[in-house]
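Copied over from TrEMBL, here are the features:
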type   : residues : note
REPEAT : 75-109   : repeat 'PPR'
REPEAT : 137-167  : repeat 'PPR'
REPEAT : 199-233  : repeat 'PPR'
REPEAT : 269-299  : repeat 'PPR'
REPEAT : 300-334  : repeat 'PPR'
DOMAIN : 515-607  : domain 'DYW'
Amino acid sequence: MQQKGMSPDDFTFVPVLNACASLRALEAGRKVHEEIIQSGCEADVFVGNSLVDMYSKCGSIEDACKVFNNLPSRDVVTWNAMILGHVKCGQGQKALELFHQMQQKDVFVGSSLVDMYAKCGSMEDAERVFNKMLSRNVVTWTTMILGYVKCGQGSKALELFQQMQQEVAVVGNSLIDMYAKCGSIEDAKRVFNKLPSRDVVSWNVMIFGHVKYGQGQKALELFRQMQEEGVQPAPLTLVGVPNACASVVALEEGRRTHDWVIKSGWDSNVFVGNSLIDMYAKCGSLEDALKVFNKMPSRDVVTWNAMIGGYAIHGHGKEALKQFEQMREEGVQPDDTTFVCLLSACSHSGLVDEGLRFYSSMSTVYMISADFQHYTCMVDLLGRAGRLHEAENMVLAMPYKPQVAAWMALLGACRIHGNVEMGERVAKQVLELEPENAASYVLLSNLYTATGNRDLSENIERQRKERSVKKHPGRTWIEVDNEVHTFVVDDQHHPQMIEIHAELKRLSGLMHDAGYVPDTNFVLHDVEEEEKVFNLCHHSEKLAIAFGLINSAPGTPLCIRKNLRVCRDCHTSTKFISKVVGRAIMVRDANRFHHFQDGECSCRDYW
């Protein structure tokens, strides 16, 4: 570079000085220093840091000190390089003096000083450095403990070891929490498994992390493991575990958790009570949810919201409205979530006028500004009722850019009411916001199919595949004999699959005799009608229902949870199954509960 006549700058000098340091090339380093002075870069903090580091590593601590003292500004790297230089040259006292002058005590430098003093047997000096460190890593702790052991101070070593376990657990818990919140559950697991000791906080963070990312079954396994290891749950644990039960509709597991709550004396805790109400409602037992609600010694707005929301997802709109009136009578001020629950209740029950009144009262009576959730609920409410243009105007009138959820609610309404023109327009909006939104392709494809546009439907499906947009696979959970079983479409891995297929064949015959006709309109595969019927028979919810029937006593109600919206054929066939086998079947899909009994559904086909 120099031979070509190019002048070096501060960026050039730093790596060249690092090269001198690694080669211990002191004379070459001094020549580079001369060029730095000539170029006027000596005052640069990065160049100065590299000079201090180079002279220290090359054994010339005097030159390092000269550079250090002449620097107009220093950062933590400057101090680190100088202190470590004194440590390397055996000038511990000078290193300690600089460490005390340092405003930001760096953990790496502190650990090096502790290590130096511990190896020399000067534990008092090691303690002084250790106690001044604001943060410590495992190396710092280990060095101090081994230093005490080496000096024959076993009691101090043990005391420090116990202290280390507590502090390392705090750091570990923070790491687990960070990974869990970022969605890196596998990284959270790795930290969790490496912790020398795990406290209740460690378990809580892991349980909540799994619940947040849809791994409720794993969260329940962790709770059982936690109890086996003798860790006593805290109130926060008993908030997280019911959430896990709710996510996989594990009602019996939830009831056992409730028993544990009562035995532990936490049943009067409002946060735990709120979680239990939510769990029972989402597991299909509004009766149990109401019992918990009525027994709570004190209730906050979240308690009322949980109960109103419970009525909403079960399609009991009028009961939700009565609950709200009772809430007002008791003087509890509603919040924004209250109105999300109310508008959702109105939407699922077709209470359009009531929903419009609640929406209006938010700003005029309760001084609550509508956010995207309220707008989405209103779009859903109007769209389900067939008032598509009002719903579209609601989206366009939002005071901020509409989110995908609002457009998807409108697209779903277009599919229900067969409005192809608006559906195409809305689907375009969705794909501009989220090009990989598989649900928009599915809804538009189904809209074309429902309106007889089979070619357009297949074209949309082809576009989805060409763009490598993957559909979320249907998944269904069912709890039988205290164990949660999971099924996917056309599942072949369950150990009882032969018996399940035999039960499906039996049900098919009974349903056919009762007048059931499979709805193959939305089966997009270019196959024969018989194969279309076979594909419909192996949707995940049908597999789960068949499994539940062969593994439970006659007359026992079944409750299943599905991650997607229930399809039209599964909705129809479940009505027939409930009639021909004489069972009550509860299905919680992505939107709401469906209670099937005697060939009828609680949604009255309004979903």
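For all residues, glycine too, the Cβ spot is worked out from N, Cα and C.
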So what's the mean pLDDT when you look at the repeat 'PPR' (199-233)?
91
Tell me the residue counts in helix, strand and coil for the repeat 'PPR' (300-334), as DSSP assigns them.
26 helix, 0 strand, 9 coil
For the repeat 'PPR' (75-109), the DSSP helix/strand/coil residue counts are 26 helix, 0 strand, 9 coil
Using DSSP, what's the helix, strand and coil tally for the repeat 'PPR' (199-233)?
26 helix, 0 strand, 9 coil
